[in-house]
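> Here it is, the structure in full.
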């Protein structure tokens, strides 16, 4: 324990005080003895042996005087030395006090920095605070800390405080320059030992620093190495404006301080690394959690056949809370029909056998909704045990779109087939219907052949209906769109709907009075309503209710993205709701397929709903079915809404006064490439009294018209013929006979006639197959039609 300056001063004063007391005692004793003998001599007081010998008294007196003289001499001598020693003592005490003050400051620095080490949390805060404390508490002129960078081979200053000149900073950053010049920083870094210079002004080694500093404000410096863990080495530089500032005790304390700083830096570095690792782990876990919790796919871990982990997406898809799903058997979620395959794959995978990683299965949600899921499996270790990591993608919508695409492709295939055979089939039926009708007219009803002819005619008409249904399914049916209102249509056919449904079924109408108009083929939409109504009636054999409901709706992009051919926009919605036995998922998946039916054999063709589907699609609309067993069915028919209003047909033609209908004596030119059809038409019209000229194609008909000298009242032409089509013939023929009436016929479908639609739309058109009576009436009507004013 070092003594303080006050303690040393008190000790010195005590010693000199004792000396003064002894001297004064000597003088006092001499004076006392001399006075005593003097008193005894004059008062004749007897003393032991004094009375016997006066000489003895003289000796005692002399001794007393001598003692007094010695005491006075000592007093004078020590008084002079005391003054000199006192001055030396004061100087020494001042030096000791200054030294102790510096030691106290250095010790205070050590204590403050050690407290700082415990409190501070960041490396930069520690370095800045160390330099600040060194200047403020340690009375240093300047303090700085730097670390050596092996790449740049320089020291980077990371903390400083007080008076740090540019030259010193430069020296601290370029220790590898001028290797022949002494640099204390290089000593601290390379030799890992401290260096102290207490007289910079006269130290030859410090000449370069003196030159760089360009100032004599700092006279002493000390450089201490910092040795934190790792390869980074640093220095602590302390500057003082006083020479010989650093003594051994201070150097030892400062060296100890550098060790403490090194330890603190190592500790902070490790703590920062740990914090960084913890933060990285936290960020990684947050990212992992964010990815898992926000993943669009469901993620589950199955161990021992049970759910051990699942993300929120699984709960959203399947339903149920955490307690319901955790540790639940994975197989319980799978549709019963898919469980065997899933179990087999799971068992093989757990045995290490190679199994395809992907599979599409159905799962059953908490609401008993069947969902299609694409499953991808990976073997993992979960809680030190083998497990299977599953990624679940909800592909229900994709499956629905695929089914819609497949349905559309099926319809397209049927359409291709129907369209491919429609022309020839219609030609065949035209001949069969025509000749069978002629037979019924020629034969008496009592004739057995009359019955056969009627049977042929009836079967032919059913064949025509079947062909028309197939064309409607494929959206190739002749389409005559017009603007109308569904409310008006429902009111017009309500009585017919009641007859179809029967008395055991209740009919309700929920009509929106503000319903917008739509544009479609009224007859075909009526057929759709009839088809769905008949199916609803058959689903309620005993009793029930059918509701027809109309309303305006808007289909947005979110809704339309679930369907491959539905466009966003305004629609009118007709909902046909029944309370029948409903349909399961299996039936719903096939409901619009051609020839699919759940009715008994002979009670349905399976074309009713598929025809309805084709008609609605051809109208630019959409049809949707919602049903479940025991809950009835709802058919939703969406048709595009239009702002236009229905056009009411009014007869604008007026008969001229000079007009008189003629008898069947007109001349008709027929252009038809099919021999049987041409022969039938000629026979029918000639029987009616018309003069009929026939041509096998348009070119032959045009040649005849140029050579013919008389009038031609009607041109009856097929649309599609070899060499020259009907529209081409009409164009050339009209130049020769501008007043002649035109009637076009064809066995092709609306799709095949699309190329000629613009050219044919101005003329009357008759679709094959047709009955002779219809042809006769139409021809007569055209020939009798007056010119328009």
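A Cβ is built for glycine as well, from the same backbone N, Cα and C atoms used for every other residue.
Residues or ranges marked as coiled coil by TrEMBL: 79-106. Annotated domain 'PAS' per TrEMBL: 284-353, in sequence order. Annotation comment: TrEMBL describes 357-407 as domain 'PAC'. Here TrEMBL flags 420-643 as domain 'Histidine kinase'. Summarising the annotation, TrEMBL assigns domain 'Response regulatory' to 667-783. Among the features that TrEMBL reports, 4-aspartylphosphate is placed at 718. The annotation transmembrane segment is assigned in TrEMBL to 14-39, 59-78, 103-120.
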> Using Cβ-Cβ distances, find the residues under 8 Å from the residue listed as '4-aspartylphosphate' that belong to the same chain and are at least 6 apart in sequence, listing them in sequence order.
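Counting only residues 6 or more apart in sequence, the Cβ neighbours of the residue listed as '4-aspartylphosphate' under 8 Å are 671, 672, 673, 674, 677, 726, 744, 745, 746.
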> By DSSP assignment, list the helix, strand and coil residue numbers for the domain 'PAC' (357-407), in that order.
12 helix, 30 strand, 9 coil
> If I take every residue in the domain 'Histidine kinase' (420-643) and average their pLDDT values, what number comes out?
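Value for the domain 'Histidine kinase' (420-643), mean pLDDT as a whole number: 81.
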> Please count the residues of the domain 'PAS' (284-353) that DSSP assigns to helix (H, G, I), strand (E, B) and coil.
41 helix, 13 strand, 16 coil
